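S.K.: To start, I am sharing the structure in question, which I have written as C-alpha cells.
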Amino acid sequence: MSDRKQDGRRIAGRYQLQEPIGRGGMGVVWRAYDELLDRTVAVKEVRYAAALGEEVQLLNRRTMREARAAARFEHPNVIVVHDVIEEDDRPWIVMQLVQSRSLGAVIKQDGPLPPKRVAEIGVAMLDALHRAHEAGVLHRDVKPENVLLADDGRVVLTDFGIATLETETQLTVTGLAGTPAFIAPERLKGLPARRESDLWSLGATLYTAVQGRSPHERGMALATMHAVLTDEPDPTPYVGPLSDVITGLLNKEPVQRLTYEETQRLLRLAIAQASPPPTAQFPAAQELHVPAPAPATRPKPAAKPRRPGPAKAKRPYAPVEDDTPTDPDLIAPAAAEDMPETGARIPRTPVADTPPAVEPTAESTREAAKPEQQHRAAMVIGAAVAVLLVAGVGGYLGLSSAPDEGPDKNVDKLSAAVTTGPSRASTSPPATASSPPPSSAPPTTPPTTPPASPSAAPTSTPKETKDPMPSGWKKHTDKKLGFQIGLPKGWDEWTRSGKGVEFKGPGGASNAHVRIEVFPKLGKDPLKGWKKLEPSLKDRYGGYKKLDIKKVDYRKAAADWDFLWPTDTGKSRIRYRGFIAEDGKAYAIYWHTLNREWKDDYHFFEGFAATFSPGK
C-alpha cells in the first residue's frame, strides 16, 4: 500500500497515521495521533521485501523483539516504546515522537560537529548503552542515523531494530545485521555480538561525527569490511581532545577496548579540554591550523606533540574551543587509501586532523591491538560477504597560533603551533564515501612540461601552463573566499573550513586533492614563512621528508614547499605553494598526490596555478 493511501488510516483502531516523517531500509516512520490518550506519537511501519518469503515471519519476530528489548528499561537517552502491534502481517511499533534530526542527517547537511559537542553526545550515548547492557540488551546497530539530536537538546538512541537480548536465542537466517562501517571486527569474523561490540560502534560513530566520514569507509561494503578487519582507523586530524577515547574504543581486540568508566572519564576530560580558560583570547584572525569540519580554535599546547597518524598507542589530548570559527592556514598530508584504480584518475579522500596536543597522563595510555593478518582477514571477508548477500546489508598537519612573540610574529606563530598530527577545524565536513562526487572521465591534460621523476632530491619547478583555461575545464567562482579557479571535468568542491576550500575529482576513493586558502599569516615573504615553519615539522613528525623549499616565479611573490609523507599505499608528495596575489593578499595552493603518481598528475597542479585569480 502506498504512503498516500495510508494517510488517515487507523492502526489497531487507535493510532491515526498523519504523514510519513522518515524512511529507511526497514520501512517508514509516521507521525500519528493516539486517539485514546490524545497525544502525538511516532509509528514505525516495518516493511520487508516480499522476496524474503518465509523469512518475513522470522524478521517479524525480530522486530517484535525490538519492542521488548527497548521496553525492558527506561532511560532519558533511549527512545520510549509505547506499544507494538501486528497488523497486515507486519509489525507496527508505536514510539515516543521526538522532534529532532538524526546525527547522520546533521553531519550530511551541516558538516561534522565540534569535538566538544561530539564528546557531549558521546556521554549521553554511553550512558544509554550502559543502561541497556545492564538490562541485558545489546543494540548491535549503533550508528549516526540511530542517534537523534532533539530540538530540546537531548540525545536519544533509537531503532533497536536488530537489538538482541543476551539471554535470547539468536535468529540466524538473516545472518549478520548492521551497517558495515559500524560493525565491530569480531562480528565480521562471525563471532557473537558482545557489549564491547556496541562500544566499538560508539567509537566509530564519534569518529564519524567529528571527522565527517566513518573510520574505515571505502565506498563499497566489501572494501569497508576488509578495512575494519585489517586496517587501523584512518588518521584523525580533526578529533582534537577526542583522540584517545576514539582510539581506545576502536581497538580491534574487544578485551583491550576502553571500559565504560574509562570512556566516560575521557569524554568528560575532552569536554573540559575543549573549553578554553575564561581569560584566554584566541581571535580567529590569529589561528593557524588545518581545514577542519567544525568551528574550533586551538590554543598552543605547552608540551611537545607526538607523531601523527594512526599510532599504536593512543594519542594525547589537545585543547579545542568549539564555538568560534577559525581560519585554517596550513594543512598537511592525508593518509592514502589502498583502493583499486579504474578509469579516471581517482583523487584521495582527505582525512581530518588532530589539534595541538599535550602529553597524556599515564593512565590514559593504552596499547591498540595489531591488525589481523591479511590471509585470515581474506577468509573472514569471504564469509562476511556471503552473509551480507543474504542479509541485504546494503592530514592534515594542524597548526594553531600562539601569543605574539618576537619581531616576526606571523612566522614565529607558524613554527610554534605545529601539532601532533593531522588537525583541522571547520564549519563544513569532508565528503563521505556515501555521497561521492559524480564519476567522470579524467580531464584533458593541458599542455605542460612534466617535472622530473619524483625522488628524495629537490627538483626544479616546471612553469605553469599559460593557457587561461585548459580544455575540458570549467571556471569555479568562490564568492565566500573571493577567488576564481579552473576545475577539471568531474572535479567539484569537497569540503570547506575557515578560509580554505578543498576540491577533488570523481571516484569513491581519492589519491589526489587540492586546497585553496586565503593565508593572511604567510607574511610578505612566502619563502621566509615556509623556512621558519619547516624545522618544526622535521623535528616533530616521523616520516616527514623535505624535498625542497624554494622561491618560484609566480604572481608578486611565491615559494614552493615540497615534501614527502608516508601513507598506507606508499609515500604521498605535497606541493604547498604560498604566494602574494595581485590584490596584495596572501594565498596558498596545497596539492597532494601519491609520489608515484606525481609526474602523471602534475598537470592538475599546473592547471590550478594557471587559472587561479583573486577576487575583484
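The backbone N, Cα and C atoms fix where each Cβ goes, and this holds for glycine too.
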S.K.: Can you say which of 292-332, 497-537 is given as region 'Disordered' in TrEMBL?
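M.R.: It is 292-332 that TrEMBL annotates as region 'Disordered'.
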S.K.: Which of the three DSSP-derived classes (helix, strand, coil) applies to LYS44 (ATP binding site)?
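M.R.: DSSP call for LYS44 (ATP binding site): strand.
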S.K.: Limited to the domain 'Protein kinase' (15-269), I'd like the whole-number average of pLDDT.
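M.R.: Summing pLDDT over the domain 'Protein kinase' (15-269) and dividing by its length gives 84.
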S.K.: I'd like the Cβ neighbour count for LYS44 (ATP binding site), meaning other Cβ atoms within 10 Å of its Cβ, all protein chains included.
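M.R.: Excluding its own Cβ, LYS44 (ATP binding site) sees 26 Cβ atoms within 10 Å.
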